[in-house]
Amino acid sequence: MSSQIELRYHLNICCCMIMFAHYIVAMTMKLGLIALLLALTSICVSAAVFHPISQSHRSAALELFSNADGRKQTTAMAMKLGLIAVLLALTSICVSAAVFHPISQSHRSAALELFSNADGSFSSLEEAYEALRTFEVLGIEKKPEDATCKSVVDTLSSPSSNSKDLYHALRVNGLLKCKISTAALEGIASRLKDGLKHATLLLDYYHAVGGLLLIKDQSPEVDVLLGNADGIVRSIKALSQSDGRWRYSSNNPESSTYAAGIAFETLSGVVSLAASVIDENLIGTLKKDIVKLFDSIEKYDDGAYYFDDKHIDASGHQGPLSATSAVVRGLTAFAATSGSLNVPEDKILGLARFFLGIGIPGNSKDLYYQIDALSCLENNGVSVPLILSVPATVLSLTSKDKLKVRVSTVLGSSSPPLSVKLMQVFSSGSKDASVLKQELRFDPKEAIYTMDALPEGVDIGDYVFAFEIVLSDPELKSKYATGGRTKVPVHVTGVVKVDNAKVTLLEGDIVESEKKLDLPGKNDVALSANHLQKLHLSFLLTTPLGKPFKPHQVFLKLRHETGVEHIFVVDNTGKQFKITLDFLGLVEKFFYLSGQYDIELTVGDAVMENSFLQPLGSIELDLPKAPEKATQPPPQAVSPYLRFGPKAEINHIFRVPEKRPPQEVSYAFLGLVLVPLLAFLVGLLRLGVNFKNFPTSAVPATFAILFHGGIAAVLLLYVLFWLKLDLFTTLKTLGLLGVFLMFVGHRTLSHLASTAAKLKSA
């Protein structure tokens, strides 16, 4: 039932926005004003609801890390308005930005549909670990390919692998338990220790210490203890800054929040691997650095805390999600090895709200950052955040819905014994709040806290409920973070009663005719008026508790038979809504258009379950004739069916071919064309042309043949130009042939000249 109420609530929002869009379009055409943001802002709320990790996150993780090689009138109005889609999109963004809905099976279905191609392989060991770690936290059983273990073994056995490669391979091995011998791990530990002696970069310390810590967990018999732990801690501490941020190297002056997170994670590893106790003063200094780091934390209006990192280095920009995840991982790791930290519980809870508030990230790395950080917060030595979530934030007075609240850890585990109290109820737009301190009833079967009836005086509208979590065992306050009061937006819907609806035709103050209306219901009023008369509409709106109700949209629309529309806002005084149209003052607005006008009333609100867009009937107006310089009605929008519909068929008639001459005439002209060729051949015979001077030796004869072949190629080029080649192609080809003819022709003529000279001398 609650899901149906929420669906109806959002449908009411859509209908109201459609109604309002129509009004805005009309006003924009005349005034040039855009007031959409004001309307959308009224729907948004500042409080937020956070929900723990659910099955949908598991579905998204499986797919992200798997690589793959009613109303008829409303419908008619929506067809006319191009802005409705934009308005609805903005409305959904506005609502989803403030209220975080629970994750459901639809998330899993969407993830499986979007990321259906999966072969289980990974492009790198780093990506493999991120996927496997996410699967482990979410409880997803997905066996990776054997190639992953093979890659781990190859990386760990390769002498060319650096500390980063070894670190990622050891992380994957910690999850897959590949077959790695103790001797191999001892050799890797020795290499990592040697790397620590020459380390200068923060990431070098991070990978080497992290790798040794992983070897300690996977093979306790391997010696990974650090004899110079104090010196390593001081070397890493030298990279810290006064504001709590850290540098990646001593040569780089830029500091980073992300670097601070991995620095504290590295330091916690050094403390775990230390052969002797670390100096307590040094540990105390590091704890103060954490407090300084939290002084730079930023906050959203909904109570979510996050770290923003504006540092850009070779690895690229580290955004709020990655930076905050690194800090959480480093914070919880350092607290596990160095004792309690002085971090306020509201900031720990705010960090949890930040990760829960982002929903499902759009890529695998961000999903890993989110899930890994929430896993660290799930059970840490600082403070375990408890999340209060409301499964349904839309409640119906008509259906007598119950208010239900769930309290769990960030990953959905059961909370310790506690009670939930509703402390205050804030009405939307009012700073006053009713103080209740009413405890909700706990249902152990469903692990839900329930309020059987809404507080007295809660009517339809938008509210903010302030809850407070009280732990049953006072000693648990140091372990769990409840965050004081949690504010949750709640929307209460119901049926609005419409009374005393009537439409009146006036001439001066005299009532000419009056008709009662059934709202919402079927009405067919037929009126007739001239420009000296007035149209008056009035009705009463009351809530289920009998209070005055003012919807977001109350419009009266008159549509001329030519399609010209006029929209008016209906004002109210208390419960009564009324509007009077003086046609004498509206003749110019109506463009002096006489004829029939359809009357339509729109009353809509997100919390009004019976919002309506109701035709009331029509009125026949007799207006004066328009003067010569009167404003003309605006051109009406062309129907998209006419603009984009099928066009008239075009029947193309080709030109009739010209009449050709007889074949005899064509053959006669062909003969005349061949006459010059015949004359040329006869002339050659009369002149006694012969081949006596054609070179006989091999080389001169070759050049002579090429020369004559080149001339033939030029003649062939002329034929091709006549048939299909363009001028530019012909000229380029002719240029190449000309160079060729110049060369071979020169050699041929040189040979002939030499031969002639020899004959004369002889």
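Even glycines carry a Cβ here, placed using N, Cα and C.
Remember, TrEMBL labels are computer predictions, not curated facts.
Summed and averaged per residue, pLDDT over the domain 'Ribophorin II N-terminal' (103-378) gives 86. The annotation domain 'Ribophorin II N-terminal' is assigned in TrEMBL to 103-378.
Residues of the domain 'Ribophorin II second' (387-492) grouped by DSSP class, helix first, strand second and coil last, total 5 helix, 58 strand, 43 coil. Residues or ranges marked as domain 'Ribophorin II second' by TrEMBL: 387-492.
The domain 'Ribophorin II third' annotation in TrEMBL covers 501-621.
What TrEMBL records for 654-754 is domain 'Ribophorin II C-terminal'.
Among the features that TrEMBL reports, transmembrane segment is placed at 7-25 (among others).
As annotated by TrEMBL, transmembrane segment applies to 31-50 (among others).
Taken from TrEMBL, the feature transmembrane segment covers 81-100 (among others).
Summarising the annotation, TrEMBL assigns transmembrane segment to 667-689 (among others).
Among the features that TrEMBL reports, transmembrane segment is placed at 701-721 (among others). Sequence-distant neighbours of the transmembrane segment (701-721) (same chain, 6+ residues past either end, Cβ-Cβ under 8 Å): 694-695, 727, 730, 733-734, 737, 740-741, 744-745, 747-748, 751.
Summarising the annotation, TrEMBL assigns transmembrane segment to 727-744 (among others). Within its own chain, the transmembrane segment (727-744) is flanked in space by residues 703, 706-707, 710-711, 713-714, 717, 720-721, which lie at least six positions past its ends and keep a Cβ under 8 Å from the stretch.
Secondary structure by DSSP for the domain 'Ribophorin II C-terminal' (654-754): 79 helix, 0 strand, 22 coil.
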